[in-house]
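As given in TrEMBL:
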- Thr41, Ser42, Gly302, Gly303, Ala304, Gly305, Val306, Thr307: FAD binding site (BINDING)
- Tyr221, Arg276, Gly303: D-dopa binding site (BINDING)
- 5-318: domain 'FAD dependent oxidoreductase' (DOMAIN)
- 91-118: region 'Disordered' (REGION)
Amino acid sequence: MTTSDVIVIGGGVLGLTAAVALAEGGRRVRVVSRDPARDTTSAVAGGLCWPYRVRPEERAVAWSVRSFHVLAELAERPAETGVRMVAGTMADEPGAAPESGSDGWHASVPGLRRATPDELPPGYGSGWRARMPLVDMPSHLGYLERRLAAAGGTVQRRPLTSLAEAAREAGTVVNCSGLGARELVPDVAVQPVQGQLVIVENPGIEEWFGSAGEHAGTTTYILPQPYGVVLGGTAREGAWSREPDPATARAIVERCARVHPKLAHARVLAHRVGLRPARSSVRLETERLPGGALCVHNYGHGGAGVTVAWGCADEVVRLAGGRTA
Ligand SMILES: Cc1cc2nc3c(=O)[nH]c(=O)nc-3n(C[C@H](O)[C@H](O)[C@H](O)COP(=O)(O)OP(=O)(O)OC[C@H]3O[C@@H](n4cnc5c(N)ncnc54)[C@H](O)[C@@H]3O)c2cc1C
């Protein structure tokens with residue numbers, strides 16, 4: 001029996017954002033998710049709006065710029081949405097050539113400008129300053145679920161074993177299964193890139209900081225969230241474990257303390273590990289399933305799912321045959 005006109009597979013940030021956009025566009029939407037939102041990769045994300053480890057570059061920038069504007073609007077109601085605008089610095093890796101600033105992202109974000117030398121921590125030669133959306137992910141996922149319910153959508157907790165199973169229940173299937181797409185599609189091009197974080201008590205940090213080589217195995221970022229400061233990070237390709245490694249955690253704190261010495265002694269509140277759903281290129285396209293249902297794939301967003309979610313949601317709505325806001 002068809003009870004919904006659209007089934008969205010996945011209740012992470014990509015699935016819930018697409019579901020909200022579809023439901024607010026008038027579609028009858030049901031999200032089917034194996035895991036509760038708190039157990040998804042999306043709940044682990046640091047929550048900075050900045051394209052990182054996501055391809056193809058040109059589309060990713062366009063999606064990110066669209067999301068920037070939506071998130072900036074949501075930041076007007078931080079208690080409700082979990083989104084705030086926070087000032088911060090994205091430094092180029094020490095020794096790396098400075099970003100040219102000519103790419104679409106640097107040119108399109110309002111207020112993004114080069115950092116002056118006194119705005120950079122010791123050891124960093126160049127970088128960027130901006131007020132960016134910083135998303136408290138556990139809170140934001142709850143907001144998206146409430147907004148979906150308000151638009152008439154529902155969320156069901158159960159695993160699906162195939163796209164065909166979803167297609168038996170709805171004429172349109174939107175596949176936002178993240179790393180789950182490896183088995184569900186199946187698509188072995190989706191690979192985990194493991195990321196580890198440490199959450200510490202905030203010793204008085206108000207701005208975010210990031211420095212992330214696109215191909216480096218380690219990164220340095222400091223994101224002040226309401227629940228503590230998120231310290232990162234790592235990017236281990238092909239690693240499946242979700243167990244925090246104590247030596248890695250110590251190294252993360254040490255790197256971040258070089259930027260903010262007070263972090264060396266901050267009380268550790270929690271350790272987090274998440275698996276980024278990486279792919280050489282995001283899969284955002286349609287496919288006809290056997291039996292005729294339309295499938296819109298939307299997975300493989302790597303290290304930038306929060307950053308691109310609203311831009312991708314617009315495209316999902318268009319591909320699913322609806323109108324974008
Ligand atoms: C440490 C770390 C830090 C990060 N920081 C940032 C950041 O600051 N900014 C940023 O933009 N991005 C960041 N990311 C990346 C971001 O978290 C991911 O790109 C994003 O969460 C992917 O979202 P998703 O909805 O595709 O996948 P997920 O959140 O993994 O959700 C997948 C959903 O699909 C469901 N599912 C899977 N298989 C099935 C099945 N067979 N049946 C039913 N349901 C299924 C799951 O239950 C889940 O609900 C970070 C990631 C990590 C690991």
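Glycine too: its Cβ is placed from the backbone N, Cα and C atoms.
The Cβ of Ala304 (FAD binding site) lies under 8 Å from the Cβ of Trp50, Pro51, Tyr52, Arg53, Val54, Ala60, Ser64, each of which sits 6+ residues away along the same chain. In this entry, D-dopa is bound by Tyr221, Arg276, Gly303, whose most widely separated C-alpha atoms sit 16 angstrom apart. Excluding Thr41, Ser42, Gly302, Gly303, Ala304, Gly305, Val306, Thr307, which define the FAD site, the same chain contributes Val13, Ala45, Val54, Arg276, His301, Val308, Ala309 within 8 Å (Cβ to the Cβ centroid), listed in sequence order. Taking the C-alpha positions, the distance from Thr307 (FAD binding site) to Arg276 (D-dopa binding site) comes to 13 Å. Secondary structure of the region 'Disordered' (91-118) per DSSP (helix as H, G, I; strand as E, B; remaining residues coil): 7 helix, 3 strand, 18 coil. Taking the centre of the Cβ atoms of Tyr221, Arg276, Gly303 as the D-dopa site, the nearby residues of that chain (Cβ within 8 Å, site residues left out) are Ala45, Gly46, Tyr52, Arg53, Val193, Gly195, Ala212, Thr219, Gly232, Gly233, Ala235, Gly302, Ala304. Cβ environment of Ser42 (FAD binding site): Gly12, Val13, Leu14, Met137, Leu141, Gly305, Val306 lie under 8 Å away, each six or more residues apart in the same chain. Around the Cβ of Arg276 (D-dopa binding site), the same chain contributes Thr41, Arg53, Pro192, Val193, Gln194, Gly195, Ala235, Gly302, Gly303, Gly305, each under 8 angstroms and 6 or more positions distant in sequence.
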